Amino acid sequence: MNLKELLHNTKAKIYGKISSVEVRNLTRDSRNVGVGDIFIAKQGKHCDGNDFSHLAVENGAIAVASSIYNPFLPVVQIISSDLPRLEADLAAKYYGHPSQKLCVVGITGTNGKTTVSHLIKLLFDACDKPAGLIGTIEHILGNSRIQDGYTTPESCLLQKYLAKMVKSHLSAAVMEVSSIGLAVNRLANVDFDVGVLTNLTLDHLDFHSSFEEYKQAKLKLFSMLPSSGLAVVNNDLCDAAQFIEATQAQPITYGIEQHADYQASHVRFSPFGTDFDLLYKGETFACYSPLIGQHNIYNVLAAIAVTHQRLRCDLPHLISVIANVGAPRGRLEPIFSGPCPIYIDYAHTPDALDNVCQTLQALLPQDGRLIVVFGCGGDRDQSKRKIMAQVVEKYGFAVVTTDNPRGEDPEKIINEICSGFLKRNFSIEIDRKQAITYALSIASDRDIVLVAGKGHETYQIFKHQTIAFDDKEIVLGVLSSYV
């Protein structure tokens, strides 16, 4: 597509002479700009893209999109006060509105997005409707897999990834949809067919000014759904009705406690999986999932509801597939080769940590204890630090350590966490590797060790450096030294 075609009918102000030169790419990173690119000069939290516009032009940019006009740039400038929306508009048009050629499923909620998206993708694949995946752990775009650190990528990348799915002849795109992504318009011009709400608890209050603002961002996904779409909602949530009222799509509910279209009952837990009865339209189906914990029953129900309703696949077939699908990496991922069961989990919010601790405590023998290694991320919501300590204290012994401190002092974060403990039933070890080593050294064969907070991550972020760090690999390394 050439520049004149791309900018035709744009609502932005255009400065400079528009030619029919071909547009090669759209990017926010001036370091990646090449000849024929459009540079999106976004103002971020830590730097301003406008400071790099000259560099982008030197590298071959044919136009710069910004919220600020720069009279010294010798290229076309596309100026809008709503730059995120402009970026979304340009990206969708440039890549040919790829979401219109896919069944797009968006999953939002505080916890569970990764597991639900993982399950839905595999169920779609099993029903001969191959799906791509965009999420926290990775983006699967057909034969290619990308790890870029985004749960919901910026519009330029998001539309590019969707276009790759179309090119790979996929039928669907299953996406984790973050509240931040919704709030800053990254999802504009994505045509969703299905919206899923997993749950709603406190998170991202470092970005959103209040819980109500956080909830309103989540509601935005459901307001985007068409009347032909599906709104799949956890009916056990106190806010379920508000999400159903916010959409014109067909509501489909799932749950355990409240009556729902897809309801679980007679739940039986074990260390190796979960059995339950699935009730649907008066029929009862026996279900088994290798996933453990009540929170994962909700995840399984959501995935089955989406696939059954959207694809009209045979329900017994979906149940048989679920019986063979394990957890995504770093989501209650078990390691059974140690002195006791060890689990790696991404839980980094109070609610997620509570769910995981409750699940594992139920698996303990009467004289066993739960040992939890955890910390809190720096430059993130500080209000949850005390609460995380209070959660762990309910269930077992805490080993408080460093998570991703980012720009903060690790000791300061740990001190804020520890102020939440009421009893001295915890230990402090700033070095995360040493914390894991210590937890394993004090564990008996009657205990369970949970290493929480980082899950699938293979790095640790400090103020001046990011180092390689993988909780699972550290655990396996410590265990190998016992042999």
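In case you wondered, yes, glycine gets a Cβ from its N, Cα and C as well.
What Swiss-Prot records for this protein:
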BINDING   G109, T110, N111, G112, K113, T114, T115  ATP binding site
MOD_RES   K218  N6-carboxylysine
BINDING   R380, D403, N404, P405, R406, G453, E457  meso-2,6-diaminopimelate binding site
MOTIF     403-406  motif 'Meso-diaminopimelate recognition motif'
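What Swiss-Prot annotates, mapped onto the structure for a quick look.
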residue : record                                : Cβ neighbours (10 Å)
G109    : ATP binding site                      : 26
T110    : ATP binding site                      : 20
N111    : ATP binding site                      : 26
G112    : ATP binding site                      : 25
K113    : ATP binding site                      : 24
T114    : ATP binding site                      : 26
T115    : ATP binding site                      : 26
D403    : meso-2,6-diaminopimelate binding site : 25
N404    : meso-2,6-diaminopimelate binding site : 24
P405    : meso-2,6-diaminopimelate binding site : 22
Neighbouring C-beta atoms (10 Å sphere around the C-beta of K218 (N6-carboxylysine)): 24
Candidate with sparsest Cβ neighbourhood (10 Å radius) among R380, R406, the listed binding-site residues: R406
CB contacts for G453 (meso-2,6-diaminopimelate binding site) [other CB atoms within 10 A, all chains]: 28
N111 (ATP binding site) versus binding-site residues R380, P405, R406, G453 - nearest by Cα: G453
Conformational class of T114 (ATP binding site) under the three-state DSSP mapping: helix
Secondary-structure category, per DSSP, in which R380 (meso-2,6-diaminopimelate binding site) falls: coil
CB contacts for E457 (meso-2,6-diaminopimelate binding site) [other CB atoms within 10 A, all chains]: 19
Residues within 8 Å of the G109, T110, N111, G112, K113, T114, T115 Cβ centre (excluding the ATP site residues themselves): I107, V116, E176, T198, N199, N299, A352
For the motif 'Meso-diaminopimelate recognition motif' (403-406), mean pLDDT (0 to 100): 97
